[in-house]
Structures are given as structure tokens and as C-alpha cells.
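Notes follow the structure.
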Amino acid sequence: MTNIRKTHPLMKIINHSLIDLPAPSNISAWWNFGSLLGLCLGIQIITGLFLAMHYTSDTLTAFSSVTHICRDVNYGWIIRYMHANGASMFFICLFLHVGRGIYYGSYTYSETWNIGILLLFAVMATAFMGYVLPWGQMSFWGATVITNLLSAIPYIGTDLVQWIWGGFSVDKATLTRFFAFHFILPFIIAALVMVHLLFLHETGSNNPTGIISDADKIPFHPYYTIKDALGFLLLISLLLTLVLFSPDLLGDPDNYTPANPLNTPPHIKPEWYFLFAYAILRSIPNKLGGVLALVLSIAILAVLPLLHTSKQRSMMFRPISQTLFWILVADLFTLTWIGGQPVEHPFIIIGQLASFLYFFLILILMPTSSLIENKLLKW
């Protein structure tokens, strides 16, 4: 009799995705982040669901409902901090996952890559709206500043902002709709993840060499299931260490002050994972220009397949491109640092130079270096 996992309609899907899936024999730990992102999404949905049971999306009670969760609900504090720090873990895994894709040329699977970009935008939108919900000072002013950027859109900008706010300022209507969107988006993300995997399994995974590995495949289970399990263990250990020892390490102390529309915090800044984009936004003196640069800082990923000029897929055997890649990583760290600094000399000029370098590296230097490396192959 044939094994049920190969015949049952539902089991068959799971089998082809997790058990009998042919996987390259040489994929490194950099390929672990896909499954880790799945784990992060699962943690966020479960902890978020339990938080939603006790949270109230009203301007008068939102802040105190979060306090109530931490003080009065059984293990509410750990659920709340796992959710808050889980978001940081999510973004760490996301950035490493995207970085892996750039380094090893995974973006040549254009459908998988483009859905990945959509996922990145969706996760960023979800995280932004989630940050507004505790209704602290940084929640309120972050929401005000970021939504107000849409007013830079010509002609319809102001109307659009007021439509999103549900009034003439960030208020009760805004908080309620942000809660609704924050609740529904993770499920849309989960659906997009399925599409992301569907397209990935059409082609199979890339590998560090960037060479087609059809002749050398191994079953996903037990090799990569055990490898993923180790990754899960490490991620959960790291998350719990953060939650139990320094839960507020990555947060902003201003968010422990209830939202006050009459008192602006001295430095309005988003969570750490948005600081690089925030630095790019602030580096352009023009409002519309800044908004365009902000969107392009992520959307630029979509043009990577078009800018791939190398004869090799991966950067594994391309030292010049490798150097530029690591300069790009250092540049992103610089932007993240600048995003958290006040708008004053010398931070302004550093931010402008780092923003210029970011686009210059991706659009000009990296494609040019690939062409040079193609020439070097003939030596």
C-alpha cells in the first residue's frame, strides 16, 4: 500500500513542501531564514491574538489596557514583550533573508523575489500600525509624522491624509482603523507567504554557488527539517533572552508616556528597523522628494533582476562585487545610526552622503563591477 502522505490530497501538499521536497545538498545556514520568518510570523499571530483579547482600541483606554495586560493578565507581560521583541526578530531575519538573496543572486527568480518585496512592504506596514496601538507619545507622534508624509502627494495629498486619519488629526478613528488593519494584515501576509513558497517550489531553491543543482538534490526531510529545528531553537533562545533580561532594550522610553497631542517629544523617531529608511527620508530637504526616496529605498529591490549584468549568478566567486556588497551593508548600518540622531551638523551631511552612496552602489557601482568581472573572466 502506498504511504498515506503520498496519496491523501492534503497530506500530499505538505509532503511535497516539507518532506519529499528535493533540496540542493549545499545550502548553508543563510537559507534558514525563510523558515525562521515563518516561525516569527507564527509567534506574532499567536501572541497578537492573545493581546487582542485584552486590548481596547479607544484613545481613552488604549494605554491603560496595555498596562492592564502587563500587570493583571496572567503572563500578559511575557506575551506583550514577546510580541514587541518578536517584531525586532522578524526584521532581523527579514534583512538577513533579503541580504542573502542579493548576495547569492536569488533575485533572478523574479516571481518569488517580487512577492518577497510585497511581503516586505506588508510587514513594514503592519509593524508601523502595531507601533501606534499602545498610544504612547512615540506612537501618536510617529503616526502623525509618517501619515502626514502622504500630504506631499500633489493635488490629492491633503484629502488623502484626512481620509486615512478619519478626521483632522490622528485621533480615535485613526487608532480604531489601525487596530483593524494590524489584526487583518498578518493573515494576508500568511496568504502571500503561501504564494511566495508556491513560486519558489516551481523553480527550487538557489544555492551558494549559483549553479543549477538539479543533478545533486537531497530530500528536505530529515536533512533540512533538523537544520531548521536547530535554527528555531537558536531564534527562540535569543528572543527569550531579550524578553526576559532586557525587554525594553530596543524600545523608546517616550512610549511609556501616554499620548499627548499638546506636547511634542524632542526627537520623533520610529523603531530601529525603520531608521535606515527614515534617514533616507530626512536626507532630502524637499518633502515630496523625501517621500519618493523613502519608497524607492525598498522598491529599488524590484530592479535588481534588471541590473544583474554578471555572467555568474552568485557573488561567491566575485571579489569586487563582494566588497561592494559589504560596503552596502556598512552603509545601511550608518543610515540606521543616523536615523536615530537629531537633525544637526554633522549628522545631516553624513546622512546625505550615506543616502547617496546607497542608491549609487545599487544602481551604478554594482552593475559596473559585474561588467568588469565579466572582462576579468577572459584573462
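Placed from the backbone N, Cα and C atoms, the Cβ positions cover glycine too.
For reference, Swiss-Prot has these:
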type	residues	note
TRANSMEM	33-53	transmembrane segment
TRANSMEM	77-98	transmembrane segment
BINDING	His83, His182	heme b b562 binding site
BINDING	His97, His196	heme b b566 binding site
TRANSMEM	113-133	transmembrane segment
TRANSMEM	178-198	transmembrane segment
BINDING	His201	ubiquinone binding site
TRANSMEM	226-246	transmembrane segment
TRANSMEM	288-308	transmembrane segment
TRANSMEM	320-340	transmembrane segment
TRANSMEM	347-367	transmembrane segment
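Overlay of Swiss-Prot feature records on the structure.
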residue	record	contacts (Cβ under 8 Å, 6+ apart)
His83	heme b b562 binding site	Gln44, Thr47, Gly48, Leu51
His97	heme b b566 binding site	Phe33, Gly34, Leu37
His182	heme b b562 binding site	Gly48, Thr126, Met129, Gly130, Leu133
His196	heme b b566 binding site	Thr112, Ile115, Gly116, Leu119
His201	ubiquinone binding site	His16, Ser17, Leu21
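Sequence-distant residue pairs (6 or more apart) of the transmembrane segment (226-246) and the transmembrane segment (77-98) include at least 3 whose Cβ atoms are under 8 Å, placing the two stretches in contact. Between the transmembrane segment (347-367) and the transmembrane segment (77-98), fewer than three CB pairs separated by 6 or more residues in sequence fall under 8 Å, so the two stretches do not touch.
The stretch from 33-53, 178-198, 288-308, 320-340 with the most CB pairs below 8 A to the transmembrane segment (113-133) is 178-198.
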